[in-house]
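This is the feature table in Swiss-Prot:
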TRANSMEM  33-53  transmembrane segment
TRANSMEM  77-98  transmembrane segment
BINDING   83, 182  heme b b562 binding site
BINDING   97, 196  heme b b566 binding site
TRANSMEM  113-133  transmembrane segment
TRANSMEM  178-198  transmembrane segment
BINDING   201  ubiquinone binding site
TRANSMEM  226-246  transmembrane segment
TRANSMEM  288-308  transmembrane segment
TRANSMEM  320-340  transmembrane segment
TRANSMEM  347-367  transmembrane segment
């Protein structure tokens, strides 16, 4: 008798992806973040759907509708804070997932990596538009500042900004279209995730050693399903601790003040997960230069496959490259810290140095160190 799991047209796709998938026997907990990102996306889509049932995308009522969700809707406060803090968990998992890819050389899977970079851009765009929806002070001014950056594009800049705004300032039209995009983009993300997985399953997973593991594979289920469940439980635990004990820890108090175009907050800053890019943006005095640096700070990830000059794939056996990697991590943490500080001495200088260092480590130091290691190993 044939097994339905292996013959049914639909179930066999799931079987080949999550059950009988041959996986390397030595992948560590760093390989858990893919499944955790899938969980985060599912949580965000579900909580977002229930929030959208009660939210109104009108400048007059948006702020009140969020208040109404928190006060009057059954467990509305829970849904709202799970969605807000779920975004933070999403980005923590994203950064760790990308960091894992950089450390172990997963970027040599060219298509998978580039789809991942596109996913990162789309997730960042979605999160930015979501932050505008509660229509608090930081929502409004964040939207104004970031959309205004497009005016730095020569010739078409100003027209482009007014086209995105749907008027001459961030207003009702902007809020409505941001809500529409914020609703639809997660489904586009889900489709891109499918493509990401499609390309990944063409090659199979990388592993910590960076070596081909075809001779040593184990079935995904039960070994990695159990492992993934542990990760899921830990993620839900972390999320619920955040939601139930300090839901506003990562938020901005200014967003509890309704949007007022006549009053600018003293320090306009985005959510914590954008601070590193925000620092790079404001480290350059020139507007267009800042915008280009901002875009390139993420786009630079797609250059990693081209910058890989080492004879080894993973950094597991390359101590000098490991040092450079952790310098890069420390630099990103510095950039994140500076992004939350006011624009004054010494923060401006630290931000500029950290921004220069970020690009220097990636474009110069990592390849040079890799070449030195090749020489040391007489390759």
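The backbone N, Cα and C atoms fix where each Cβ goes, and this holds for glycine too.
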Which of these binding-site residues is closest to residue 97 (heme b b566 binding site) if you go by CA atoms: 83, 182, 201?
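Answer for the nearest of the binding-site residues: 201.
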Do at least three CB pairs under 8 A connect the transmembrane segment (178-198) and the transmembrane segment (77-98), leaving out pairs fewer than 6 apart in sequence?
no
Would you kindly list the residues that approach the transmembrane segment (347-367) from elsewhere in its chain, counting only those six or more residues past its ends and only Cβ-Cβ distances under 8 Å?
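Result: 279-280, 282-284, 293, 296-297, 300, 303-304, 307, 309, 321, 324-325, 327-328, 331-332, 334-335, 338-339, 341.
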Measuring Cα to Cα, how many angstrom lie between the residue listed as 'ubiquinone binding site' and residue 182 (heme b b562 binding site)?
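Distance between the two Cα atoms comes out at 29 Å.
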Measuring CB to CB from residue 196 (heme b b566 binding site), give everything in the same chain under 8 Å that is also at least six residues away in sequence.
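Expected: 112, 115, 116, 119.
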Apart from its near flanks, which chain residues at least 6 from the ends of the transmembrane segment (320-340) lie with a Cβ under 8 angstroms of it?
99, 102-103, 269-270, 272, 274-280, 310, 347, 350-351, 354-355, 357-358, 361-362, 365-366, 369-370, 372-373
Look over the recorded stretches 113-133, 178-198, 226-246, 288-308 and say which has the most C-beta pairs under 8 A to the transmembrane segment (33-53).
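Per the Cβ under 8 Å count, 178-198.
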With H, G and I counted as helix, E and B as strand and the rest as coil, say where DSSP puts the residue listed as 'ubiquinone binding site'.
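Looking at the DSSP assignment, the residue listed as 'ubiquinone binding site' belongs to a helix.
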With CB pairs under 8 Å as the measure, which of the listed stretches 113-133, 226-246, 288-308 comes out on top against the transmembrane segment (178-198)?
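It is 113-133, which has the most Cβ pairs under 8 Å.
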Taking DSSP three-state, what's residue 83 (heme b b562 binding site) in: helix, strand or coil?
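Looking at the DSSP assignment, residue 83 (heme b b562 binding site) belongs to a helix.
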Quiz question: given the binding-site residues 83, 201, which has the greatest number of C-beta atoms lying within 10 angstroms of its own C-beta?
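Answer returned by the neighbour count: 83.
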Would you mind listing the long-range same-chain contacts of the transmembrane segment (113-133), meaning Cβ under 8 Å and 6+ residues beyond its ends?
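Tertiary neighbours of the transmembrane segment (113-133) are 48, 55, 57, 62, 66, 87, 90-91, 94, 98, 101, 106-107, 139-140, 142-143, 146, 174-175, 178-179, 181-182, 185-186, 188-189, 192-193, 195-196, 199, 270-271, 273-274, 298-299, 301-302, 304-305.
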By the DSSP assignment reduced to helix, strand and coil, which category contains residue 97 (heme b b566 binding site)?
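Where residue 97 (heme b b566 binding site) sits, the three-state DSSP reduction gives helix.
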Counting across all protein chains shown, how many other Cβ atoms sit within 10 Å of the Cβ of residue 182 (heme b b562 binding site)?
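There are 21 of them.
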